[in-house]
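Undergrad: Sharing the feature lines straight out of Swiss-Prot:
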ACT_SITE  Asp70  active site, proton acceptor
SITE      Arg12  site 'Important for substrate specificity'
SITE      Thr71  site 'Important for substrate specificity'
SITE      Gln153  site 'Important for substrate specificity'
Amino acid sequence: MTPLYLASGSPRRRELLTQIGVPFIVISAPVDESPLPSESAPAYVERLARAKAAAGLVSVDGPAVVLGADTAVVLDGRILGKPENREDALAMLADLSGREHQVLTAVALDDGQRVHSFCVTSTVRFRAISTDEAQRYWASGEPSDKAGGYAIQGLGAVFVSGLSGSYSAVVGLPLCETADLLGQFGIACWQSLAHTPEVTNPQ
């Protein structure tokens, strides 16, 4: 089986691939993430996913399949990146407070012969966030390296009052669609089952 390389430094994506039992090797694939003029959010994330996969492919020897992915938080058509500082993070949380926004995650697979990619859009609804809550959340350190200034799988989960779409896509990798695409490249899931804590019935 052709080895799979993950062109991402995201620990969330590593955890998600491990969750579905797919063995992989992490590689670095830095790319210019600047949006192009008038580029739509779906086109932006899919272009970056493909660019990361292509950049990863040139750094490995022999047959390989490289997975690249990119996630963007979008509010009113505006892409919210990682906050630059405390003020930026608090402004993002204020904008997201009490509203719905979209999270777009694109995934690309590249084996040097073909490149396939897709984009999944999910809608996340936030409850109202007080100024004090936003300040305490920033102090936790979690928002500083997260697109949109929050992590749905972390402390930021308390802000989420609803979600339509793929939870795993919001975290960083839509597992259902990714598993299907991996299968098209001959890479099966459930090769190495992740450890699942035993659940004991308290009754």
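From the backbone N, Cα and C atoms, a Cβ is placed for every residue, glycine too.
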Undergrad: Out of Thr71, Gln153, which of the recorded sites is least crowded by other Cβ atoms within 10 Å?
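TA: Counting other Cβ atoms within 10 Å of each of the recorded sites Thr71, Gln153 gives the minimum at Gln153.
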Undergrad: If we check Cα distances from Gln153 (site 'Important for substrate specificity'), which of the recorded positions Arg12, Asp70, Thr71 wins as closest?
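TA: Result for Gln153 (site 'Important for substrate specificity'): the nearest of the recorded positions is Arg12.
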Undergrad: Roughly how many Å lie between the Cα atoms of Asp70 (active site, proton acceptor) and Arg12 (site 'Important for substrate specificity'), rounded to a whole value?
TA: 12
Undergrad: Please report how many Å separate the Cα atom of Thr71 (site 'Important for substrate specificity') from that of Arg12 (site 'Important for substrate specificity'), as a whole number.
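TA: So the Cα of Arg12 (site 'Important for substrate specificity') lies 12 Å away from that of Thr71 (site 'Important for substrate specificity').
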Undergrad: With a 10 Å radius around each C-beta, find which of these recorded positions (Arg12, Asp70) has the fewest other C-beta atoms nearby.
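TA: With the recorded positions Arg12, Asp70, fewest surrounding Cβ atoms within 10 Å: Arg12.
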Undergrad: How would DSSP class the residue listed as 'active site, proton acceptor' in three states?
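TA: DSSP assigns the residue listed as 'active site, proton acceptor' to strand.
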Undergrad: Could you check what DSSP calls Arg12 (site 'Important for substrate specificity') once collapsed to helix, strand or coil?
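TA: In the DSSP reduction, Arg12 (site 'Important for substrate specificity') maps to helix.
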